[in-house]
Each structure stands twice: as C-alpha cells, then as structure tokens.
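Let me begin by presenting the structure, written as structure tokens, before commenting on it.
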Amino acid sequence: MKLAVIGGDGIGPEVTAEALKVLDAVLPGVDKTEYDLGARRYHATGELLPDSVIDELRAHDAILLGAIGDPSVPSGVLERGLLLRLRFELDHHINLRPGRLYPGVSSPLAGNPDIDFVVVREGTEGPYTGTGGAIRVGTPNEVATEVSQNTAFGVRRVVVDAFERARRRRKHLTLVHKTNVLTFAGKLWSRIVAEVGRDYPDVEVAYQHIDAATIFMVTDPGRFDVIVTDNLFGDIITDLSAAVCGGIGLAASGNIDGTRTNPSMFEPVHGSAPDIAGQGVADPTAAIMSVALLLAHLGEDAAATRVDRAVERYLATRGNERPATTEVGERIAAAL
C-alpha cells in the first residue's frame, strides 16, 4: 500500500502521528510519503496545492489527512485552495460519514444501542462549486447568488453507492432533501432514487425533509441506516450526527472516488484547533477511526475490523479520563 500523508495545520500532525502508529501496528510495511501542505507552506512559498503535488498524490492508493486551517491565513484561502481543490481534482464525489454511538461514550443519547448509521453525502456538486456572484457590492442594492448545481450523473453515482452500502447493512435507505421548496433539484434526486431503487428491491426506501431529519436524528436516530443527501444538507446533518454520537472529536470521514481512479482521502472532521496545538492534549481517536475507514476502502477488512474493535474497547474503558495524545495512540496500538 502506498499512502500519502498530509499532517496539515494545528493539531493535524499530532493526531496523524497517532493514527499512523495504529496503522503500523495493524498493517506493518505501508509505504508512506509525507506532504507539507497547509499554512506553513503557504506563508513560506505562497503555494497551496501545486499541480506537481496533485500528480504525485494520484500515484498513491490513499491519502490520510490531519487537519487544515490556521487563523494567520484569511478565511476561505486554505479551504478553497487546498481542501476543495483536492476534492474536485481527485473527484471525491462521495463524502462518507459513519455515525455510531460507542458504549461508554458520553452523549445526550448515551445508552441508546441503536445509533449506528452512515451518511453518504454528495461531495462535488451543490452550492460548493463556486458558481454564483455578486453585483452592486457594498450598496443597499447588493445582490449575491450561490448556484446549487445538481447533475443526473453526479446524483446517480452517489445514490448507487448509498444503495450498495444499504444492501450490505440493514437494507434501509433514507433520502434527505427539501423537495417541497427546492423543487428542481428535489425532483432530480427523488426520481433517481426511485429509478436506482428498482435495482435494489431488498432495500427499503424512505424520505425525510432536512428539517424533519434533524428532529428524528435527535429523537429517534435508530430509524436511520443509510442516509443519502446532497452536499449542503450533508454538511449540516453530519455535524449533528457527530454531536449525537459523542462529539466532533469522534467523527471520522472518507472523501471517496467511487471509480477508484484517484486515491480517496480519509480524515477526522474536527478542525485544526490551533489553540491547543503542541500541548499534547488533542484526542486522536477520530484520526484513528479514519484509518479504519481507509483500510476498509482498500479491501483490508480484517485490519479495519481490528482497529474498530480496539477503538471500541478503548472508549468503553476510558470513562472521564482524558489521556495525552500519544497515550491514546499507544493504548489503541497496544490493543492490536
């Protein structure tokens, strides 16, 4: 396996180091190449993501990312120039966010054993394509537009992926949208879900408006198995799912090219937390859980299961203790 590693900013390098410690314990011999991308490189060279680096990344089987973001860089520069460019250049059209409440984890819904779902979010369309603009800026008559792009091709490929995952899980899929207001995109999503669903007669299909889905995710999260949704709604509902499952610090994600033409990228969804960087207190659990997603994506199912079970054992016994960053990695690696 050839793995590209982007530690990034803030606590990113710290949590990534512990994730690699666990990866080495469960699957020794991975060929790793580290890339210096983020605020430090931007300040030193003015570069965000050179074309040459993109070409190098394409030669890897997967990418492990720590975190990107620094207050010394204007808002949006790193996000669009690095994170979103990676997503679009490598065609990461599937954003995968598992939501599971592990035993022993503190949550508003702690003790509910039925919280185990996955959100399949479209990753390269919607309002994040940068289409839109503004006129009469700074005047009382300013007009700003953000265009949400939804293509049949883009919707279909993420819907097919969601149905495949539902078939392997509990055979239930929920489309989350706002079809009563966003009628054009809503009809496209609804029609394609219905069309694809005919090829999966064993998968039960449901629909929820995004506002209703947020209510049910809190009051009855056990109803969800696989959720498929667009880029914007997925961005919102996955953070709610993280809160339901114990917080953003336990949220792993995968940015996936379903065609496997390009390497997929796996990362914890928490930010770079520059205020605690270098203190050794950042929780690397989400980064370690991202390694489990990475392994599963590359067909290393046994290794992925071992990591997931080691994390589960660690969380079940941790209680209110908050070990140092390196200690978390050492405990989980030792359990392997």
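Just so it is clear, glycine is given a Cβ too, placed from its N, Cα and C backbone atoms.
As annotated by Swiss-Prot, substrate binding site applies to Arg87, Arg97, Arg121, Asp211, with the evidence given as sequence analysis. Here Swiss-Prot flags Tyr128, Lys178 as site 'Important for catalysis'. If you look up Swiss-Prot, you'll see Asp211, Asp235, Asp239 marked as Mg(2+) binding site, on the strength of sequence analysis. Positions annotated as NAD(+) binding site by Swiss-Prot: Gly271, Ser272, Ala273, Pro274, Asp275, Ile276, Ala277, Gly278, Gln279, Gly280, Val281, Ala282, Asp283.
Spanning the residues Gly271, Ser272, Ala273, Pro274, Asp275, Ile276, Ala277, Gly278, Gln279, Gly280, Val281, Ala282, Asp283 that the record associates with binding NAD(+), the maximal Cα-Cα distance equals 16 Å. Using a 10 Å Cα-Cα cut-off from Asp211 (substrate binding site), none of the binding-site residues among Asp235, Asp239, Asp275, Val281 qualify. Checking each of the binding-site residues Arg97, Ala273, Asp275, Gln279 against Asp239 (Mg(2+) binding site) by C-alpha distance, the shortest gap belongs to Arg97. In this structure, Tyr128 (site 'Important for catalysis') is part of a helix by DSSP.
For Asp235 (Mg(2+) binding site), the same-chain residues 6+ apart in sequence whose C-beta sits under 8 angstroms from its C-beta are Arg121. Sorting the recorded positions Arg87, Arg121, Lys178 by the number of other Cβ atoms within 10 Å puts Arg121 first. Checked against Asp283 (NAD(+) binding site), the recorded positions Arg87, Arg97, Tyr128, Lys178 differ in C-alpha distance, with Arg97 being the nearest.
For Ala277 (NAD(+) binding site), the count of additional Cβ atoms within 10 Å of its Cβ stands at 18 [all protein chains shown]. According to its DSSP assignment, Ala273 (NAD(+) binding site) is coil. For the recorded site, Gln279 (NAD(+) binding site), the DSSP three-state label reads coil. Put simply, Arg87 (substrate binding site) is 22 Å from Ala273 (NAD(+) binding site) when counted between their Cα atoms. Residue with the densest Cβ environment among the binding-site residues Asp211, Asp239, Asp275, Asp283: Asp283, by other Cβ atoms within 10 Å. A gap of 40 Å separates the Cα atoms of Lys178 (site 'Important for catalysis') and Val281 (NAD(+) binding site).
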